[in-house]
Amino acid sequence: MTAILERRESESLWGRFCNWITSTENRLYIGWFGVLMIPTLLTATSVFIIAFIAAPPVDIDGIREPVSGSLLYGNNIISGAIIPTSAAIGLHFYPIWEAASVDEWLYNGGPYELIVLHFLLGVACYMGREWELSFRLGMRPWIAVAYSAPVAAATAVFLIYPIGQGSFSDGMPLGISGTFNFMIVFQAEHNILMHPFHMLGVAGVFGGSLFSAMHGSLVTSSLIRETTENESANEGYRFGQEEETYNIVAAHGYFGRLIFQYASFNNSRSLHFFLAAWPVVGIWFTALGISTMAFNLNGFNFNQSVVDSQGRVINTWADIINRANLGMEVMHERNAHNFPLDLAVVEAPSTNG
């Protein structure tokens, strides 16, 4: 008997790289989306940390009045932020090599644009990586779909809104107090609290929290006892066990009697789909609302909508909100504008020389 041995050609370096990138045996899955995600998120994170600690003040309004945002320039964790790119730059792409010097780049808020653009690319790739890993493992794609909600929200406040307003200086600052300032100014200029898409987002976030707490407490309260009184109930579960760890019939019966029968899910799959879909759809709507208000399609205006028989205005809560909006608007960027936009719409009378 003759044995024929064929020499296998060694796999190319590129082939081995492809197999390693797409292998689901790695401790952390990389994937083709990860090839772009890793450097972009590392860049965004590194520049954020450095700028939050040491970036010099930024001329955010383009009027030669720099605003300090870093720790070394007098801020703390609460007040510190990455200050948005200057209004003098607008929507221009502003990498370091477009500035005359690094000092000019820092003064005009170049780090903000660098961080935001790398961050958005990175989180979009993270979403793609979630889909890619699900595909490799034969799973359904809904993890990436759910993650699209926060991606859409981040894209709305960091990219779509600045595009609509004409400048990255209108983007959300990267800090705690800066986020609150963004929210207050957004309310003043766009009346977001009266926008139905924001209302749907509030229902999504608060409702999702409520449903998550209800589900977790129901499951925890209907665990199948596997331990003694002296042991933690958590010891009664073994990872990968086939049998159910809680009694869904008991949970269904409890909740059906607490509210009414049809308020309780009797299908675990439809229940968990609902738990995922409710907050995701709500945040989708909020992101869509931000994106429409970016182009000044604002919240409802019910100002002075109720009058008496003499034509006198009877104030409603809408008028109270409007008064607060005007107060917030006149206080922000107070050195950049003589009047808020709402008070400057009337043309000045022409004078004949």
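Numbers run from 1 along the shown chain.
Placed from the backbone N, Cα and C atoms, the Cβ positions cover glycine too.
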29-46, 47-64 - the range that Swiss-Prot marks as transmembrane segment: 29-46
Rounded to the nearest Å - Cα separation of His332 ([CaMn4O5] cluster binding site) and His198 (chlorophyll a PD1 binding site): 22
Proximity of the transmembrane segment (142-156) to the transmembrane segment (118-133), 3+ C-beta pairs under 8 angstroms: yes
Output field, quinone shell: CB within 8 Å of site CB centroid, site His215, Ser264, Phe265 dropped: Met214, Leu218, Ala251, His252, Phe255, Leu271
Spatial neighbours of the transmembrane segment (29-46) far in sequence, C-beta under 8 Å, 6+ residues away: 20-23, 114-116, 118-119, 121-123, 125-126, 128-129, 131-133, 136
Phe265 (quinone binding site) and His272 (Fe cation binding site), Cα-Cα, nearest whole angstrom: 10
Maximum Cα-Cα separation in Å among residues His215, Ser264, Phe265, which the record lists as binding quinone: 10
